[in-house]
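Asker: Right, I'll just put the structure down here and ask away after.
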Amino acid sequence: MAPVRDPNTLSNYDAWRTRHTTANLKIDFTAKCLRGSVILELESQTDKASKEIILDSSYVTVNSIKLNSAPSLWETKARTEPNGSPVHIAVPEGAAKGEVVKVEIELATTDKCTALQWLTPAQTSNKAAPFMFSQCQAIHARSLFPCQDTPDVKSTYDFNITSPYVVVASGVPVPDDTKDLGEEKLYKFQQKVPIPSYLFALSSGEIASAPVGKRSCVCTGPNELKASQWELEGDMDKFLEAAEKIVFPYRWGEYNVLVLPPSFPYGGMENPIFTFATPTIISGDKQNIDVIAHELAHSWSGNLVTSCSWEHFWLNEGWTMYLERRILASIHGGDAHFDFSAIRGWKALEEAIKEYGEDHEFTKLCISHKGIDPDDAFSTVPYEKGFHFVWSLDRLVGRENFDKFIPYYFGKWSNKSLDSYEFKDTFLEFFSAPEYSDLKDKIASIDWEGRFHSTGLPPKPEFDTSLADVCYELAEKWKSKDFTPSPSDVSSWTGNQVLVFLNAVQDFEEPLTVEQSQALGKAYGLSASKNAELKAAYYHIAMRSKDASAYQGVADLLGEVGRMKFVRPLFRGLNKVDRELALKTFEKNREFYHPICRQMVEKDLGVSEAANSS
């Protein structure tokens, strides 16, 4: 019997493991809830030793529970933060090891559900229909239905979803089974690859779709379809083919992208079959679609091979950053692109560690989550510090050798979950083969404990700065108050090069003057840009310069994007220079933000109960 090794679940998954989940749910836009039944098929891990099944839940209304079709005794216990209210289901006779029992739960979500966002027609672009979407990472699936809400348990899924509008889910659509039910339709999806609960995903609204590759389509609002198709077509197949060459063939069938409304709190969410993506990637210049390379890479790291708990989240995200950069280098032609992306990542990592303080627990690769909500520990650290560890192993053994390890690792752990020490064992096992005997001393030098548990920045590698040097050279010129900018300074650059230049300016010991800041925005078209990455970076410079004329622009942008990557730092910056405007902007847009984002910004601004009591 494997132990429970995830502190963010109250389920007894050491005694029972979910093997299949059937979700029979109706999307009720009027009541803003999901209602229906979920059937969990759980395999006994003991020989009749366990007499109850314990599931995670959070603010879910449970109406009844059946065990193997018969009414069961059950109880929802008192809530404890951050893990919610466990549901205890009696199994009086227990079950023989390997026996599967069926638990059928009649339920409805509540207005306290943290996984769902409901948009009124007015909050969508064409104002024609309401819209809803889910975001279950990290521990929000339990607010949809009682489940073993841990990445250490994987289940196959059947989705039977009824809605008056088009439905998208994290499974392969079964189009022939779509049934008209008067004003509603029943949409069916199947997920035959076992996935953890945090990858359960639903969305519904006025959604149109268009092909963007041999195995891919893009889905979004009708008004955004043409622009989204233009942004993505031509690149999806390239991304897929590049990733398959690095790891092994894609195992999920289709790879599609759902471009969500602006309040989506992340850049992307790697829900299988349908990546949920921020509309900030649709910038009209193809400069932000690297997000797709990242989410696609998750099809191997995270979705196929998964960290067993949020304490080992770097195994998902560090590997994904590494694969993303390998994909981009393959597509754009050369390791300079790999390093250029890594340089940008290093800057983000430095900022995150500065924000926390270099001795903070959350700057470790492996973070203790006892009593911690994973959303509170979420940052750039597992992404970039994790990446630097993976990349250091690549450099240590050499690219040719590491390229043989990649498919071995993903093959060995496919459809399973692991912790950092199992990763270490897998690496050492692979490189203990006789053909790698010349690497023995190098591998013996790896400080695994230091890498896993030290705070602060990891060792900084030597970057190939060839693509970044021009950015730094232009930034140097801006240190002179006499420099006169021209649009031609950056006209031949990629958006990411402009971003590296802006990041360098942000780092000046002495901020730009108000006049310089305004000249910067005007000459390079930053304040009028449709690219949220560039606009946000420019506004950070303007706020540091105390350019009050830019503050309303910051507030306006905060009403247009809900992606936490932009929203949280912009609110923190605005709060420092104009707290009144920051609070007013938050109140004005409170309902626009996703519940996860709203909660985090409340803490950032010190207006939440948690902040007031701490």
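The backbone N, Cα and C atoms fix where each Cβ goes, glycine too.
Below, the features straight out of TrEMBL:
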- GLU295: active site, proton acceptor (ACT_SITE)
- TYR383: active site, proton donor (ACT_SITE)
- GLN135, CYS136, GLN137, PRO265, TYR266, GLY267, GLY268, MET269, GLU270, ARG563, MET564, LYS565: peptide binding site (BINDING)
- HIS294, HIS298, GLU317: Zn(2+) binding site (BINDING)
- 466-605: domain 'Peptidase M1 leukotriene A4 hydrolase/aminopeptidase C-terminal' (DOMAIN)
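On this model, are these features tucked inside or out on the surface, and what's nearby?
Answerer: When other Cβ atoms within 10 Å of the Cβ of TYR383 (active site, proton donor) are tallied across all protein chains shown, the result is 23.
The Cβ of GLN135 (peptide binding site) lies under 8 Å from the Cβ of ALA115, GLN117, ALA201, PHE264, PRO265, TYR266, MET269, PHE276, HIS594, ILE596, each of which sits 6+ residues away along the same chain.
For the domain 'Peptidase M1 leukotriene A4 hydrolase/aminopeptidase C-terminal' (466-605), residue counts in helix, strand and coil come to 94 helix, 0 strand, 46 coil, using DSSP.
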Asker: Could you check which of the recorded positions HIS294, HIS298, GLU317, TYR383 is the closest Cα neighbour of GLU270 (peptide binding site)?
Answerer: HIS298
Asker: Taking the center of the Cβ atoms of HIS294, HIS298, GLU317 at the recorded Zn(2+) site, which other residues in this chain have a Cβ no more than 8 Å from that point?
Answerer: GLY268, GLU270, GLU295, ALA297, SER301, GLY302, ASN316, TRP319, THR320, MET321, LEU323, GLU324, TYR383
Asker: For HIS294 (Zn(2+) binding site) and TYR383 (active site, proton donor), determine the Cα separation and express it in whole Å.
Answerer: 11
Asker: Name the one residue among GLN137, GLY268, TYR383, MET564 whose Cα is closest in three-dimensional space to that of GLU295 (active site, proton acceptor); these are the recorded positions.
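Answerer: Out of the listed candidates, the nearest Cα belongs to GLY268.
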Asker: What is the biggest Cα to Cα gap, in Å, among GLN135, CYS136, GLN137, PRO265, TYR266, GLY267, GLY268, MET269, GLU270, ARG563, MET564, LYS565, the residues listed as binding peptide?
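Answerer: Comparing all Cα pairs, the maximum is 18 Å.
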Asker: Sorted by position, what residues of the same chain at least six away from GLY268 (peptide binding site) have a C-beta under 8 A from it?
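Answerer: Same-chain residues close to GLY268 (peptide binding site) (Cβ under 8 Å, separated by 6 or more) are THR275, PHE276, ALA277, THR278, ILE281, VAL291, ILE292, HIS294, GLU295.
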Asker: Would you mind checking how many other C-beta atoms are within 10 angstroms of the C-beta on HIS294 (Zn(2+) binding site)?
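Answerer: For HIS294 (Zn(2+) binding site), the 10 Å Cβ neighbour count is 23.
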Asker: How big is the Cα-to-Cα gap, in Å, between HIS298 (Zn(2+) binding site) and GLN137 (peptide binding site)?
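Answerer: Checking the Cα atoms of HIS298 (Zn(2+) binding site) and GLN137 (peptide binding site) gives a distance of 14 Å.
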Asker: When a 10 Å sphere is centred on the Cβ of TYR266 (peptide binding site), how many other Cβ atoms does it contain?
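Answerer: I get 22 for this one.
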